Amino acid sequence: MSAQCRPAGLITAVFLGTFMALLDMSVVNVALPAMQSDLHARITDIQWVVDGYTLCLSAFMLTGGALGDRFGRKKVFLAGLALFTLSSVLCAVAPDTTTLVIGRLLQGTGASTVTPGALSLLAQGFPDQAKRARMIGLWGACSALAVVLGPLLGGALTDSVGWPAIFLINVPLGLIALTAGIKGIAESADPEHAATDPVGQILGIVWLAALTYAVNEAGRDGWTATQNLVLLAVAAVALLAFVAVERRVPRVMLPVSLFSNQRFVITNIASFMLGFGAYGTFYLLSLYLQQVQGTSASMTGVKFLPYSAAIAIGSTQAGKLTARFGPRGVMVAGYGLVSAGLLGLLTLTPSTGYGQVGVLFAVLGLGMGLGIAPTNAAAMAAVPRERSGAAAATVNATRQVGTALGIAVLGSLLNARAETSVAGNLAHSGSVLEPGERSTAAHLIVTQHGVAPSHLGLNLRTALRYFASGFVDGLHTTLLVAGVATALATVTVLLRLRTPQPTLAPKPRRPTEQARAEGRTKA
(Lines of atoms letter the chains of each structure in order from A and count residues from 1; the text may use other names and numbers.)
(Lines give C-alpha, C1' and ligand atoms only; values in the text may rest on other atoms or scores of the structure.)
Protein backbone atom coordinates (compact mmCIF):
# COMPACT_ATOMS: atom_id res chain seq x y z
CA MET A 1 0.00 0.00 0.00
CA SER A 2 1.08 3.56 -0.63
CA ALA A 3 2.68 5.28 2.32
CA GLN A 4 2.16 8.72 0.83
CA CYS A 5 -0.84 10.42 -0.70
CA ARG A 6 -0.97 10.49 -4.48
CA PRO A 7 -3.41 13.27 -5.39
CA ALA A 8 -4.61 11.69 -8.65
CA GLY A 9 -5.45 8.40 -6.93
CA LEU A 10 -7.07 10.14 -3.97
CA ILE A 11 -9.25 12.34 -6.20
CA THR A 12 -10.27 9.40 -8.42
CA ALA A 13 -11.25 7.21 -5.46
CA VAL A 14 -13.08 9.90 -3.50
CA PHE A 15 -14.91 11.44 -6.44
CA LEU A 16 -15.93 8.10 -7.97
CA GLY A 17 -16.98 6.68 -4.59
CA THR A 18 -19.13 9.72 -3.81
CA PHE A 19 -20.58 9.71 -7.33
CA MET A 20 -21.66 6.07 -6.98
CA ALA A 21 -23.15 6.53 -3.51
CA LEU A 22 -25.20 9.57 -4.54
CA LEU A 23 -26.11 8.14 -7.95
CA ASP A 24 -27.76 5.15 -6.28
CA MET A 25 -30.07 7.46 -4.33
CA SER A 26 -31.73 8.66 -7.55
CA VAL A 27 -30.91 6.14 -10.28
CA VAL A 28 -33.37 3.55 -8.96
CA ASN A 29 -36.40 5.84 -9.01
CA VAL A 30 -37.08 5.61 -12.73
CA ALA A 31 -36.47 1.83 -12.65
CA LEU A 32 -38.99 1.13 -9.88
CA PRO A 33 -41.97 0.32 -12.15
CA ALA A 34 -39.85 -2.18 -14.11
CA MET A 35 -38.67 -3.78 -10.85
CA GLN A 36 -42.22 -3.85 -9.53
CA SER A 37 -43.46 -5.57 -12.67
CA ASP A 38 -40.62 -8.10 -12.99
CA LEU A 39 -40.64 -9.05 -9.30
CA HIS A 40 -44.45 -8.91 -8.92
CA ALA A 41 -44.12 -6.52 -5.97
CA ARG A 42 -46.63 -4.28 -4.22
CA ILE A 43 -46.07 -0.53 -3.75
CA THR A 44 -45.32 -1.14 -0.06
CA ASP A 45 -42.72 -3.77 -1.06
CA ILE A 46 -41.04 -1.61 -3.68
CA GLN A 47 -40.79 1.27 -1.17
CA TRP A 48 -38.12 -0.76 0.60
CA VAL A 49 -35.90 -0.67 -2.48
CA VAL A 50 -35.62 3.09 -1.91
CA ASP A 51 -36.12 3.14 1.84
CA GLY A 52 -33.68 0.33 2.67
CA TYR A 53 -30.79 2.30 1.18
CA THR A 54 -31.78 5.55 2.88
CA LEU A 55 -32.45 3.82 6.20
CA CYS A 56 -28.94 2.34 6.50
CA LEU A 57 -27.32 5.47 5.11
CA SER A 58 -28.95 7.59 7.83
CA ALA A 59 -28.52 5.03 10.63
CA PHE A 60 -24.78 4.52 10.09
CA MET A 61 -23.78 7.97 8.83
CA LEU A 62 -23.09 9.41 12.29
CA THR A 63 -20.53 6.70 13.06
CA GLY A 64 -19.05 6.43 9.58
CA GLY A 65 -16.61 9.27 10.23
CA ALA A 66 -15.84 8.09 13.77
CA LEU A 67 -14.91 4.61 12.53
CA GLY A 68 -12.45 6.18 10.11
CA ASP A 69 -10.93 8.29 12.88
CA ARG A 70 -10.43 5.21 15.05
CA PHE A 71 -9.44 2.41 12.66
CA GLY A 72 -7.98 4.41 9.77
CA ARG A 73 -9.76 6.61 7.25
CA LYS A 74 -8.36 4.74 4.26
CA LYS A 75 -9.29 1.30 5.61
CA VAL A 76 -12.87 2.28 6.47
CA PHE A 77 -13.45 4.19 3.22
CA LEU A 78 -12.19 1.30 1.07
CA ALA A 79 -14.11 -1.27 3.15
CA GLY A 80 -17.33 0.69 2.63
CA LEU A 81 -16.59 1.06 -1.07
CA ALA A 82 -15.94 -2.69 -1.41
CA LEU A 83 -19.18 -3.54 0.43
CA PHE A 84 -21.10 -1.12 -1.80
CA THR A 85 -19.63 -2.67 -4.97
CA LEU A 86 -20.27 -6.29 -3.92
CA SER A 87 -23.82 -5.56 -2.78
CA SER A 88 -24.49 -3.93 -6.16
CA VAL A 89 -23.91 -7.37 -7.71
CA LEU A 90 -26.40 -8.89 -5.25
CA CYS A 91 -28.99 -6.28 -6.26
CA ALA A 92 -28.44 -6.99 -9.95
CA VAL A 93 -28.96 -10.76 -9.65
CA ALA A 94 -31.81 -10.56 -7.12
CA PRO A 95 -34.57 -13.06 -8.04
CA ASP A 96 -37.14 -11.50 -5.69
CA THR A 97 -37.92 -8.35 -3.72
CA THR A 98 -36.48 -9.69 -0.45
CA THR A 99 -33.04 -10.31 -1.96
CA LEU A 100 -33.10 -6.93 -3.70
CA VAL A 101 -33.95 -5.14 -0.44
CA ILE A 102 -31.14 -6.99 1.40
CA GLY A 103 -28.75 -5.82 -1.31
CA ARG A 104 -29.98 -2.25 -0.92
CA LEU A 105 -29.54 -2.41 2.87
CA LEU A 106 -25.93 -3.51 2.35
CA GLN A 107 -25.40 -0.80 -0.27
CA GLY A 108 -26.63 1.86 2.16
CA THR A 109 -24.33 0.51 4.88
CA GLY A 110 -21.33 0.77 2.56
CA ALA A 111 -22.33 4.25 1.38
CA SER A 112 -22.58 5.46 4.99
CA THR A 113 -18.78 5.26 5.30
CA VAL A 114 -18.05 6.53 1.78
CA THR A 115 -19.94 9.84 2.01
CA PRO A 116 -18.57 11.20 5.32
CA GLY A 117 -15.19 9.58 4.66
CA ALA A 118 -14.76 11.48 1.40
CA LEU A 119 -14.58 14.91 3.03
CA SER A 120 -12.27 13.66 5.75
CA LEU A 121 -9.87 12.16 3.18
CA LEU A 122 -9.84 15.38 1.16
CA ALA A 123 -9.08 17.36 4.31
CA GLN A 124 -6.18 15.03 5.15
CA GLY A 125 -4.87 14.84 1.59
CA PHE A 126 -4.91 18.59 0.92
CA PRO A 127 -3.63 20.41 4.02
CA ASP A 128 -3.25 23.66 2.07
CA GLN A 129 -6.46 25.58 2.73
CA ALA A 130 -6.83 27.02 -0.79
CA LYS A 131 -6.29 23.65 -2.49
CA ARG A 132 -8.63 21.97 -0.03
CA ALA A 133 -11.38 24.51 -0.71
CA ARG A 134 -10.94 23.99 -4.46
CA MET A 135 -11.10 20.20 -4.11
CA ILE A 136 -14.21 20.37 -1.91
CA GLY A 137 -15.83 22.66 -4.48
CA LEU A 138 -15.09 20.15 -7.25
CA TRP A 139 -16.36 17.36 -4.99
CA GLY A 140 -19.63 19.30 -4.61
CA ALA A 141 -19.89 19.64 -8.40
CA CYS A 142 -19.34 15.89 -8.72
CA SER A 143 -22.16 15.33 -6.23
CA ALA A 144 -24.47 17.60 -8.22
CA LEU A 145 -23.55 15.74 -11.42
CA ALA A 146 -24.62 12.45 -9.81
CA VAL A 147 -28.02 13.96 -9.00
CA VAL A 148 -28.45 15.21 -12.58
CA LEU A 149 -27.34 11.98 -14.27
CA GLY A 150 -29.22 9.60 -11.95
CA PRO A 151 -32.66 9.67 -13.63
CA LEU A 152 -31.16 9.92 -17.14
CA LEU A 153 -28.79 7.02 -16.66
CA GLY A 154 -31.37 4.93 -14.82
CA GLY A 155 -33.96 5.39 -17.55
CA ALA A 156 -31.57 4.71 -20.44
CA LEU A 157 -30.15 1.55 -18.85
CA THR A 158 -33.56 0.22 -17.81
CA ASP A 159 -35.02 0.58 -21.31
CA SER A 160 -31.98 -0.60 -23.26
CA VAL A 161 -30.55 -3.36 -21.04
CA GLY A 162 -32.89 -3.89 -18.09
CA TRP A 163 -33.05 -2.64 -14.51
CA PRO A 164 -30.19 -4.89 -13.22
CA ALA A 165 -27.82 -2.75 -15.31
CA ILE A 166 -28.30 0.24 -12.99
CA PHE A 167 -26.54 -1.81 -10.30
CA LEU A 168 -23.99 -3.59 -12.51
CA ILE A 169 -22.58 -0.24 -13.65
CA ASN A 170 -21.23 0.17 -10.11
CA VAL A 171 -18.91 -2.83 -10.54
CA PRO A 172 -16.36 -1.34 -12.99
CA LEU A 173 -16.63 2.07 -11.34
CA GLY A 174 -16.11 0.49 -7.92
CA LEU A 175 -13.07 -1.51 -9.07
CA ILE A 176 -11.48 1.62 -10.55
CA ALA A 177 -12.14 3.57 -7.34
CA LEU A 178 -10.77 0.75 -5.15
CA THR A 179 -7.60 0.40 -7.23
CA ALA A 180 -7.01 4.15 -7.20
CA GLY A 181 -7.69 4.33 -3.47
CA ILE A 182 -5.32 1.48 -2.57
CA LYS A 183 -2.50 3.15 -4.49
CA GLY A 184 -3.28 6.82 -3.90
CA ILE A 185 -4.74 7.31 -0.41
CA ALA A 186 -2.39 7.69 2.55
CA GLU A 187 -3.56 6.13 5.81
CA SER A 188 -4.41 8.43 8.71
CA ALA A 189 -6.20 8.00 12.02
CA ASP A 190 -6.85 9.84 15.29
CA PRO A 191 -8.13 7.10 17.63
CA GLU A 192 -7.85 9.30 20.71
CA HIS A 193 -10.51 11.64 19.28
CA ALA A 194 -12.82 8.97 17.82
CA ALA A 195 -16.36 9.00 19.20
CA THR A 196 -17.45 5.36 18.94
CA ASP A 197 -20.66 4.34 20.70
CA PRO A 198 -21.74 0.77 19.83
CA VAL A 199 -24.73 0.67 22.21
CA GLY A 200 -26.06 3.96 20.88
CA GLN A 201 -25.47 2.75 17.32
CA ILE A 202 -27.52 -0.42 17.88
CA LEU A 203 -30.35 1.44 19.61
CA GLY A 204 -30.38 4.06 16.85
CA ILE A 205 -30.75 1.38 14.19
CA VAL A 206 -33.46 -0.47 16.15
CA TRP A 207 -35.73 2.52 16.72
CA LEU A 208 -35.39 3.86 13.19
CA ALA A 209 -35.81 0.45 11.51
CA ALA A 210 -38.79 -0.53 13.71
CA LEU A 211 -40.55 2.78 13.08
CA THR A 212 -39.92 2.72 9.33
CA TYR A 213 -41.05 -0.91 9.00
CA ALA A 214 -44.23 -0.24 10.99
CA VAL A 215 -45.12 2.78 8.87
CA ASN A 216 -44.43 0.89 5.63
CA GLU A 217 -46.58 -2.08 6.65
CA ALA A 218 -49.38 0.15 7.98
CA GLY A 219 -50.19 0.99 4.37
CA ARG A 220 -51.12 -2.67 3.85
CA ASP A 221 -52.30 -3.99 7.24
CA GLY A 222 -53.49 -0.82 8.99
CA TRP A 223 -52.11 0.93 12.05
CA THR A 224 -53.95 -1.31 14.52
CA ALA A 225 -52.43 -4.58 13.25
CA THR A 226 -50.72 -6.40 16.13
CA GLN A 227 -47.37 -6.54 14.33
CA ASN A 228 -47.37 -2.78 13.71
CA LEU A 229 -48.38 -1.93 17.29
CA VAL A 230 -45.53 -4.10 18.61
CA LEU A 231 -43.07 -2.46 16.22
CA LEU A 232 -44.19 1.03 17.25
CA ALA A 233 -43.75 0.08 20.91
CA VAL A 234 -40.26 -1.29 20.19
CA ALA A 235 -39.38 1.93 18.35
CA ALA A 236 -40.57 4.08 21.28
CA VAL A 237 -38.65 2.06 23.89
CA ALA A 238 -35.49 1.98 21.75
CA LEU A 239 -35.67 5.74 21.17
CA LEU A 240 -36.00 6.47 24.91
CA ALA A 241 -33.10 4.12 25.65
CA PHE A 242 -31.06 5.75 22.89
CA VAL A 243 -31.53 9.22 24.39
CA ALA A 244 -30.67 7.90 27.88
CA VAL A 245 -27.47 6.26 26.62
CA GLU A 246 -26.40 9.33 24.66
CA ARG A 247 -26.72 11.44 27.82
CA ARG A 248 -24.29 9.21 29.74
CA VAL A 249 -21.56 7.83 27.51
CA PRO A 250 -18.34 9.90 27.33
CA ARG A 251 -18.01 9.72 23.53
CA VAL A 252 -21.48 9.96 22.06
CA MET A 253 -22.71 9.10 18.58
CA LEU A 254 -25.34 11.86 18.69
CA PRO A 255 -24.55 14.85 20.94
CA VAL A 256 -27.97 15.17 22.59
CA SER A 257 -26.78 18.22 24.53
CA LEU A 258 -26.80 20.21 21.29
CA PHE A 259 -30.60 19.96 21.25
CA SER A 260 -30.80 22.29 24.26
CA ASN A 261 -30.02 25.06 21.74
CA GLN A 262 -33.25 26.37 20.20
CA ARG A 263 -31.60 27.42 16.94
CA PHE A 264 -30.09 23.97 16.52
CA VAL A 265 -33.45 22.30 17.22
CA ILE A 266 -35.27 24.48 14.67
CA THR A 267 -32.60 23.82 12.05
CA ASN A 268 -32.87 20.05 12.53
CA ILE A 269 -36.68 20.14 12.39
CA ALA A 270 -36.41 22.04 9.11
CA SER A 271 -33.85 19.55 7.78
CA PHE A 272 -36.13 16.64 8.72
CA MET A 273 -39.08 18.28 6.94
CA LEU A 274 -36.99 18.88 3.81
CA GLY A 275 -36.10 15.19 3.67
CA PHE A 276 -39.65 14.14 4.51
CA GLY A 277 -41.43 16.38 2.01
CA ALA A 278 -39.08 16.86 -0.92
CA TYR A 279 -37.08 13.64 -1.07
CA GLY A 280 -39.96 11.51 0.21
CA THR A 281 -42.10 12.35 -2.84
CA PHE A 282 -39.44 11.88 -5.53
CA TYR A 283 -40.04 8.22 -6.27
CA LEU A 284 -43.84 8.70 -6.26
CA LEU A 285 -43.50 11.26 -9.05
CA SER A 286 -41.53 8.69 -11.06
CA LEU A 287 -44.36 6.18 -10.59
CA TYR A 288 -46.85 8.84 -11.72
CA LEU A 289 -44.99 9.49 -14.98
CA GLN A 290 -44.60 5.80 -15.82
CA GLN A 291 -47.61 3.99 -14.39
CA VAL A 292 -50.22 6.72 -14.90
CA GLN A 293 -48.98 8.60 -17.96
CA GLY A 294 -47.33 5.61 -19.63
CA THR A 295 -43.91 7.25 -20.03
CA SER A 296 -40.97 4.94 -20.72
CA ALA A 297 -38.14 4.71 -18.20
CA SER A 298 -35.65 6.53 -20.44
CA MET A 299 -38.14 9.29 -21.26
CA THR A 300 -38.93 9.62 -17.55
CA GLY A 301 -35.25 10.34 -16.97
CA VAL A 302 -35.41 13.06 -19.62
CA LYS A 303 -38.56 14.53 -18.07
CA PHE A 304 -36.78 14.79 -14.73
CA LEU A 305 -34.06 16.99 -16.30
CA PRO A 306 -35.63 20.30 -15.13
CA TYR A 307 -35.82 18.85 -11.64
CA SER A 308 -32.23 17.56 -11.60
CA ALA A 309 -30.73 20.59 -13.34
CA ALA A 310 -32.52 22.96 -10.95
CA ILE A 311 -31.12 21.01 -7.97
CA ALA A 312 -27.62 21.38 -9.42
CA ILE A 313 -28.08 25.12 -10.08
CA GLY A 314 -29.51 25.73 -6.62
CA SER A 315 -26.73 23.73 -4.96
CA THR A 316 -23.96 25.65 -6.72
CA GLN A 317 -25.48 29.05 -5.84
CA ALA A 318 -26.63 28.29 -2.29
CA GLY A 319 -23.19 28.68 -0.72
CA LYS A 320 -22.60 32.11 -2.29
CA LEU A 321 -26.07 33.33 -1.31
CA THR A 322 -25.63 32.06 2.24
CA ALA A 323 -22.29 33.86 2.58
CA ARG A 324 -23.88 37.08 1.36
CA PHE A 325 -27.32 37.07 2.99
CA GLY A 326 -27.01 34.61 5.87
CA PRO A 327 -28.59 31.15 6.16
CA ARG A 328 -32.09 32.13 7.28
CA GLY A 329 -33.09 34.07 4.16
CA VAL A 330 -31.78 31.39 1.79
CA MET A 331 -33.49 28.66 3.84
CA VAL A 332 -36.81 30.52 3.64
CA ALA A 333 -36.41 30.91 -0.13
CA GLY A 334 -35.45 27.26 -0.66
CA TYR A 335 -38.05 25.73 1.64
CA GLY A 336 -40.71 28.10 0.33
CA LEU A 337 -40.01 27.00 -3.25
CA VAL A 338 -40.19 23.34 -2.21
CA SER A 339 -43.57 23.93 -0.58
CA ALA A 340 -44.82 25.90 -3.60
CA GLY A 341 -43.67 23.15 -5.96
CA LEU A 342 -45.31 20.37 -3.94
CA LEU A 343 -48.59 22.25 -3.54
CA GLY A 344 -48.49 23.25 -7.21
CA LEU A 345 -48.28 19.57 -8.15
CA LEU A 346 -51.75 19.15 -6.63
CA THR A 347 -52.99 20.34 -10.04
CA LEU A 348 -51.77 17.11 -11.66
CA THR A 349 -54.32 14.90 -13.38
CA PRO A 350 -53.75 11.66 -15.30
CA SER A 351 -53.49 13.70 -18.52
CA THR A 352 -51.56 16.81 -17.39
CA GLY A 353 -49.21 18.08 -20.11
CA TYR A 354 -45.46 18.04 -19.61
CA GLY A 355 -45.09 21.82 -19.89
CA GLN A 356 -46.86 22.27 -16.57
CA VAL A 357 -45.13 19.27 -15.00
CA GLY A 358 -41.67 20.45 -16.10
CA VAL A 359 -42.11 23.94 -14.63
CA LEU A 360 -43.27 22.54 -11.29
CA PHE A 361 -40.38 20.05 -11.28
CA ALA A 362 -37.96 22.96 -11.80
CA VAL A 363 -39.50 24.94 -8.92
CA LEU A 364 -39.28 21.91 -6.63
CA GLY A 365 -35.69 21.12 -7.66
CA LEU A 366 -34.48 24.71 -7.24
CA GLY A 367 -35.90 24.82 -3.73
CA MET A 368 -34.20 21.54 -2.84
CA GLY A 369 -30.87 22.77 -4.20
CA LEU A 370 -31.10 26.04 -2.28
CA GLY A 371 -32.20 24.40 0.96
CA ILE A 372 -29.32 22.11 1.96
CA ALA A 373 -26.25 24.39 2.20
CA PRO A 374 -27.86 27.11 4.38
CA THR A 375 -29.37 24.43 6.62
CA ASN A 376 -25.90 23.01 7.25
CA ALA A 377 -24.54 26.53 7.79
CA ALA A 378 -27.32 27.38 10.26
CA ALA A 379 -26.67 24.20 12.23
CA MET A 380 -22.95 24.91 12.50
CA ALA A 381 -23.55 28.58 13.37
CA ALA A 382 -25.82 27.53 16.25
CA VAL A 383 -23.10 25.66 18.16
CA PRO A 384 -19.56 26.38 19.38
CA ARG A 385 -16.92 26.11 16.69
CA GLU A 386 -15.41 22.93 18.14
CA ARG A 387 -18.80 21.18 17.77
CA SER A 388 -19.40 22.27 14.16
CA GLY A 389 -18.44 18.86 12.75
CA ALA A 390 -20.91 17.08 15.01
CA ALA A 391 -23.58 19.64 14.14
CA ALA A 392 -23.10 19.14 10.39
CA ALA A 393 -23.20 15.35 10.73
CA THR A 394 -26.33 15.53 12.88
CA VAL A 395 -28.29 17.84 10.57
CA ASN A 396 -27.44 15.67 7.55
CA ALA A 397 -28.46 12.51 9.41
CA THR A 398 -31.72 14.22 10.42
CA ARG A 399 -32.49 14.93 6.77
CA GLN A 400 -31.80 11.30 5.85
CA VAL A 401 -34.10 10.11 8.66
CA GLY A 402 -36.78 12.46 7.32
CA THR A 403 -36.28 10.99 3.85
CA ALA A 404 -36.61 7.41 5.12
CA LEU A 405 -39.77 8.17 7.08
CA GLY A 406 -41.15 10.34 4.27
CA ILE A 407 -40.86 7.47 1.80
CA ALA A 408 -42.59 5.14 4.26
CA VAL A 409 -45.36 7.50 5.40
CA LEU A 410 -46.15 9.06 2.03
CA GLY A 411 -46.01 5.73 0.20
CA SER A 412 -48.42 4.18 2.70
CA LEU A 413 -50.74 7.18 2.43
CA LEU A 414 -50.77 6.97 -1.35
CA ASN A 415 -51.49 3.25 -1.31
CA ALA A 416 -54.34 3.55 1.21
CA ARG A 417 -55.95 6.55 -0.51
CA ALA A 418 -55.65 4.96 -3.97
CA GLU A 419 -57.43 1.80 -2.79
CA THR A 420 -60.20 3.85 -1.15
CA SER A 421 -60.67 5.83 -4.36
CA VAL A 422 -60.82 2.71 -6.55
CA ALA A 423 -63.29 1.08 -4.15
CA GLY A 424 -65.47 4.19 -4.43
CA ASN A 425 -65.37 4.04 -8.21
CA LEU A 426 -66.37 0.37 -8.09
CA ALA A 427 -69.31 1.22 -5.82
CA HIS A 428 -70.56 3.88 -8.24
CA SER A 429 -70.07 1.65 -11.28
CA GLY A 430 -73.07 -0.51 -10.42
CA SER A 431 -70.86 -3.42 -9.35
CA VAL A 432 -72.70 -6.17 -7.46
CA LEU A 433 -69.73 -6.76 -5.16
CA GLU A 434 -70.17 -6.49 -1.41
CA PRO A 435 -68.14 -3.77 0.42
CA GLY A 436 -65.53 -6.29 1.58
CA GLU A 437 -65.18 -7.70 -1.92
CA ARG A 438 -64.85 -4.19 -3.34
CA SER A 439 -61.95 -3.49 -0.97
CA THR A 440 -60.22 -6.69 -2.07
CA ALA A 441 -60.82 -5.87 -5.73
CA ALA A 442 -59.54 -2.31 -5.24
CA HIS A 443 -56.40 -3.66 -3.60
CA LEU A 444 -55.77 -5.97 -6.56
CA ILE A 445 -56.35 -3.19 -9.12
CA VAL A 446 -53.90 -0.87 -7.34
CA THR A 447 -51.19 -3.49 -6.75
CA GLN A 448 -51.53 -4.87 -10.29
CA HIS A 449 -51.53 -1.37 -11.84
CA GLY A 450 -54.94 -1.48 -13.44
CA VAL A 451 -55.21 -5.19 -14.22
CA ALA A 452 -58.63 -6.12 -12.84
CA PRO A 453 -59.59 -9.63 -11.67
CA SER A 454 -61.74 -11.36 -14.31
CA HIS A 455 -64.75 -11.86 -12.00
CA LEU A 456 -65.30 -8.08 -11.78
CA GLY A 457 -66.49 -7.90 -15.35
CA LEU A 458 -64.44 -4.72 -16.00
CA ASN A 459 -62.73 -4.22 -19.32
CA LEU A 460 -59.05 -3.27 -19.30
CA ARG A 461 -59.67 0.37 -20.24
CA THR A 462 -62.07 0.90 -17.32
CA ALA A 463 -59.74 -0.80 -14.85
CA LEU A 464 -56.81 1.32 -16.03
CA ARG A 465 -58.93 4.47 -15.69
CA TYR A 466 -59.85 3.52 -12.12
CA PHE A 467 -56.20 2.84 -11.32
CA ALA A 468 -54.99 6.14 -12.79
CA SER A 469 -57.70 8.11 -11.01
CA GLY A 470 -57.01 6.34 -7.72
CA PHE A 471 -53.25 6.80 -7.99
CA VAL A 472 -53.62 10.53 -8.64
CA ASP A 473 -56.03 10.86 -5.70
CA GLY A 474 -53.44 9.16 -3.51
CA LEU A 475 -50.66 11.33 -4.94
CA HIS A 476 -52.67 14.46 -4.13
CA THR A 477 -52.97 13.34 -0.52
CA THR A 478 -49.23 12.79 -0.19
CA LEU A 479 -48.37 16.07 -1.94
CA LEU A 480 -50.71 17.96 0.37
CA VAL A 481 -49.12 16.43 3.47
CA ALA A 482 -45.59 17.03 2.14
CA GLY A 483 -46.39 20.58 1.01
CA VAL A 484 -47.94 21.56 4.34
CA ALA A 485 -45.00 20.02 6.24
CA THR A 486 -42.45 22.06 4.29
CA ALA A 487 -44.64 25.18 4.52
CA LEU A 488 -44.69 24.83 8.32
CA ALA A 489 -40.90 24.45 8.27
CA THR A 490 -40.62 27.61 6.15
CA VAL A 491 -42.77 29.65 8.54
CA THR A 492 -40.91 28.29 11.58
CA VAL A 493 -37.53 29.24 10.10
CA LEU A 494 -38.83 32.70 9.16
CA LEU A 495 -40.32 33.50 12.57
CA ARG A 496 -38.17 31.58 15.04
CA LEU A 497 -34.70 31.05 13.59
CA ARG A 498 -32.23 33.78 14.37
CA THR A 499 -28.84 33.28 12.76
CA PRO A 500 -25.81 35.56 12.75
CA GLN A 501 -25.86 37.78 9.68
CA PRO A 502 -22.75 38.08 7.53
CA THR A 503 -20.68 41.07 8.54
CA LEU A 504 -18.89 43.31 6.10
CA ALA A 505 -15.46 44.67 6.91
CA PRO A 506 -15.62 48.35 8.01
CA LYS A 507 -14.69 50.89 5.37
CA PRO A 508 -11.20 52.36 5.97
CA ARG A 509 -11.26 55.87 7.33
CA ARG A 510 -9.77 58.77 5.47
CA PRO A 511 -6.57 60.21 6.98
CA THR A 512 -8.39 63.33 8.22
CA GLU A 513 -11.13 61.24 9.86
CA GLN A 514 -8.47 59.05 11.51
CA ALA A 515 -6.65 62.11 12.88
CA ARG A 516 -9.87 63.57 14.29
CA ALA A 517 -10.72 60.26 15.93
CA GLU A 518 -7.27 60.04 17.51
CA GLY A 519 -7.58 63.62 18.73
CA ARG A 520 -10.93 62.85 20.40
CA THR A 521 -9.39 59.77 22.01
CA LYS A 522 -6.48 61.75 23.46
CA ALA A 523 -8.85 64.42 24.72
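Cβ from N, Cα, C; glycine included.
TrEMBL: automatically predicted annotations, no manual curation.
The transmembrane segment feature in TrEMBL is assigned to 7-32, 52-69, 76-95, 101-123, 135-157, 163-186, 198-215, 227-245, 265-284, 330-348, 354-379. Residues or ranges marked as domain 'Major facilitator superfamily (MFS) profile' by TrEMBL: 10-501. Residues or ranges marked as region 'Disordered' in TrEMBL: 502-523. Annotation source TrEMBL lists compositional bias 'Basic and acidic residues' at 510-523.
Remote same-chain partners of the transmembrane segment (135-157), defined as residues 6 or more beyond its termini with a Cβ less than 8 Å from a stretch Cβ, comprise 11, 14-15, 18-20, 22-23, 25-31, 118-119, 122, 125-126, 163, 165-166, 169, 286, 296-302, 304-305, 307-309, 311-312, 315-316. Across 52-69, 76-95, 198-215, 265-284, 330-348, the stretch most heavily in contact with the transmembrane segment (163-186), judged by Cβ pairs under 8 Å, is 76-95.
Looking just at the domain 'Major facilitator superfamily (MFS) profile' (10-501), the mean pLDDT is 85.
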